[in-house]
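Annotated features in TrEMBL:
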DOMAIN    13-187  domain 'Formyl transferase N-terminal'
BINDING   S117, L118, L119, P120  (6S)-5,6,7,8-tetrahydrofolate binding site
DOMAIN    211-306  domain 'Formyl transferase C-terminal'
Amino acid sequence: MISMNYPPLTIAMMGSSDFSVRILRSLVDVGHDIVCVYVPSSRSRGGCIKKKLTSIEDAAIKLGISVRTPCSLRDPLEQEIFFSLGLDLLVVAAYGLILPKEILSAPRLGSINVHASLLPRWRGAAPIQRAILAGDTKTGVTIMQMNLGLDTGNVLISGTVPITRQSTFQSLETELSLLGGELIVLAVEALAHGELISIPQLEKGVTYAKKLNREDARLNFHLSAIVLERLVRAFNPWPGAFFRYNGVSIKVFEANTLNVGRITNFPGTVLDSELKISCGDGIFLPSVVQRPGKKIVNVEAFLRGFPIKPGSILD
């Protein structure tokens, strides 16, 4: 454990993803008293639905930290429980829900959010995927004071990482979580000493990272091959970019492109026995794929077991 030169703070953490875990562990490693980890549940007509065990919930249990999974933090009873924690600080990382002002204002030092983008770019639920999809060459982590808006609070500290042609959602999330773990320790220490200056976000350059679903991962061959290659990386590993052939959904986890401009073949046409596919612009070359119930394999092994004839149209 790294020693601090100030008394440990009493902190609650809210999160739901692998990104959140590194933030939690960083706070624990420097000696802060994490008294509770909140993980979101969801509502249905039948009431509250507990989501499956998340990675941060699993980490909290192993660390001996209490876990709560409320349906709503607007519930007066849940708010009373939160108030009773006597918090110095609330730290939020990929929690996925807007928090009420009663919760945000309760901790002595307020509430801060660890967000996986360089705000104000990519406010919202899916900043890592959206940065890859847009072809951004860099992204980062922003720690901000929380307010009632969607990732609109004042910036406290930020850091940058590059996005390369090899960056996938999984690899970039790992990089950003490590950076976030470093930044949260610095931010909390500065807050404890009253040394952190908050800066309003710029009005220019605001973009929104709309939540993604499985259908967003479908490969539309009317788009350019470059755009589709980004989509493959943005959805690796979940849910996996995919196309359909004869009703079978084929996932693509790695791909290359040939930038030959527009070609005469209809988009989605298989051009040869190596599974080169025509696009609205350029040629798309899947290199690592998977069909239902089978292992992830390179395209050569895939085609030996599931041949797709040149001239076939994929959708």
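Keep in mind that glycine also has a Cβ here, set from the backbone N, Cα and C atoms.
From a predicted model like this one, the values you see are computed outputs, not experimental measurements.
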Per-state residue totals over the domain 'Formyl transferase C-terminal' (211-306) - DSSP helix, strand, coil: 21 helix, 33 strand, 42 coil
Which of L118, L119, the listed binding-site residues, has fewest other Cβ atoms within 10 Å: L118
Cβ-Cβ neighbours of P120 ((6S)-5,6,7,8-tetrahydrofolate binding site) (radius 10 Å): 19
S117 ((6S)-5,6,7,8-tetrahydrofolate binding site): tally of other CB atoms within 10 A of its CB: 24
Integer mean pLDDT for the domain 'Formyl transferase C-terminal' (211-306): 96
Any further residue of that chain within 8 Å (Cβ to the Cβ centroid of S117, L118, L119, P120) of the recorded (6S)-5,6,7,8-tetrahydrofolate site: H115, R121, W122, R123, P127, G140, T142, D151, S158, Q201
